[in-house]
């Protein structure tokens with residue numbers, strides 16, 4: 001179509017540029033909740049962590065090279081490495097076109113943007129070892145000589161062990177590769193010798209993983225295996241699971257992934273099930289691991305589900321490349337007009353964010369769930385998490401329209417194949433605007449407000465005010481900054497289950513509170529009612545988010 005796309009280096013460099021542009025502005029976003037714990041608690045080899053030793057080693061290396069204030073550089077570096085690995089792997093397996101689309105989707109997806117900036121292993125570090133393992137696995141299978149097969153086999157074992165020694169959930173990748181190999185060689189199982197050979201090989205490798213974990217203390221002296229085993233045991237619960245929270249967290253992960261990575265699956269054909277078998281297995285095992293075997297209902301499940309980014313980018317990108325190529329001869333509208341039509345459609349959807357929107361409180365959740373069911377979609381939805389992000393709002397109307405139109409376009413293409421290219425163009429452009437809107441609100445908050453900007457100014461006010469001592473922070477916003485200026489008292493969560501525990505704190509703490517109001521506090525909550533009895537000594541606003549510092553020194557106590 002354009003001569004530019006014939007220059008393969010220029011195409012990849014453009015994708016790399018897009019990848020960096022969407023992530024570099026977030027390098028110094030405030031740490032939030034578990035992120036702060038990782039920065040403060042895991043950034044030295046002597047500190048304790050419930051995860052296998054490489055997690056702590058990577059965090060320590062991050063602190064040594066970049067410093068504690070630049071911890072987000074580590075996942076970003078791994079993210080860049082993943083982009084190169086993904087492009088290389090997909091090009092070798094599925095062709096240049098699939099590599100371009102997959103890399104583009106990986107760069108654009110907001111979930112990938114978020115994963116490149118959170119101070120955790122799940123977003124980009126574990127995917128790095130997964131991609132390394134995939135490269136080694138397929139090269140091992142296709143090795144032309146015993147020598148090369150041995151080399152790639154050792155590399156595969158090494159990459160799998162490294163991933164497992166980073167976090168135990170890497171067993172998902174190990175299981176997917178083992179299952180893929182067994183399924184591919186299932187016909188050989190009629191031969192008892194081969195069956196025994198494969199069985200012993202699998203059991204031997206699993207034993208090797210266990211040996212590596214149990215002997216990790218030989219290389220990492222401060223590693224405590226009992227902490228890891230205790231951490232695993234904490235998540236084994238068959239009863240008392242918060243299923244509503246699981247549904248909400250899974251829905252949030254789906255919204256992070258975007259229509260760009262999920263809707264192309266509508267175009268899967270019979271051959272794709274075999275072609276992408278290892279990725280389907282990876283996704284299936286991950287779902288079993290996180291939703292059935294272990295109870296992550298009280299954890300930041302959306303953080304752990306980031307494992308889906310790489311497989312979905314590859315599946316969606318390859319499907320899109322194949323479908324686009326097959327529909328070339330059936331093109332009814334010139335490509336330029338297709339792109340223009342898609343841009344107009346996406347612009348209309350994007351513009352609904354500027355309509356008047358309501359900001360419902362997070363609790364009671366029935367209010368915004370009711371709005372979704374009754375199609376009263378002109379409200380903003382809060383995205384925040386225990387491991388970041390600090391928080392941002394996106395119009396639910398924009399989200400719902402983007403998904404609905406993308407799915408309708410895909411369904412139309414299924415019924416009328418001559419519309420396939422038109423539908424794909426619409427899905428791509430709508431997905432582009434969708435992910436850019438999420439990234440913009442996360443990084444800048446120009447439409448609905450930036451809590452990051454509010455926090456920076458509030459911290460400056462508190463630091464320079466000698467009358468302010470210890471501060472309690474709503475939703476633990478700014479905890480890292482408060483610790484640095486020695487003014488951190490504790491956090492305050494607004495969940496109904498904490499109300500009884502916080503009642504005594506509210507009544508007896510005579511000091512200051514910082515309330516950056518995301519998620520929005522209900523005016524009927526005991527917290528909002530308590531703050532009404534305090535003096536407001538600082539107030540600021542960004543879009544739909546307010547920031548207030550309350551002086552509650554003169555509030556009568558029960559002591």
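The backbone N, Cα and C atoms fix where each Cβ goes, glycine too.
Because the structure is a prediction, the values reported are computed rather than measured.
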Pick from 26-51, 364-389, 390-415: which range does TrEMBL record as transmembrane segment?
390-415
Of the residue ranges 52-72, 304-324, the one that TrEMBL records as transmembrane segment:
304-324
Give the nonlocal contacts of the transmembrane segment (73-90) in its own chain as ranges (CB under 8 Å, at least six residues past its ends).
12, 15-16, 19-20, 23-24, 27, 58-59, 61-62, 65-66, 98-99, 102-103, 106-107, 112, 115-120, 123-125, 127-128, 131-132, 134-135, 138, 310, 313-314, 317-318
Answer yes if the transmembrane segment (152-183) and the transmembrane segment (195-220) have at least three CB pairs under 8 Å among residue pairs 6 or more apart in sequence, and no otherwise.
yes
Given pairs 6 or more apart, does the transmembrane segment (390-415) have at least three Cβ pairs under 8 Å with the transmembrane segment (242-267)?
yes
Leading stretch by Cβ pairs under 8 Å, where the reference is the transmembrane segment (279-298) and the options are 242-267, 304-324, 422-439:
304-324
Positions on the same chain near the transmembrane segment (242-267), where near means CB under 8 A and six or more residues out:
105, 108-111, 114, 291, 296-298, 300-302, 305-306, 308-309, 312-313, 315-316, 319-320, 323, 365, 383, 385, 399, 402-403, 406-407, 409-411, 413-414, 420, 424, 427-428, 430-432, 434-435, 438
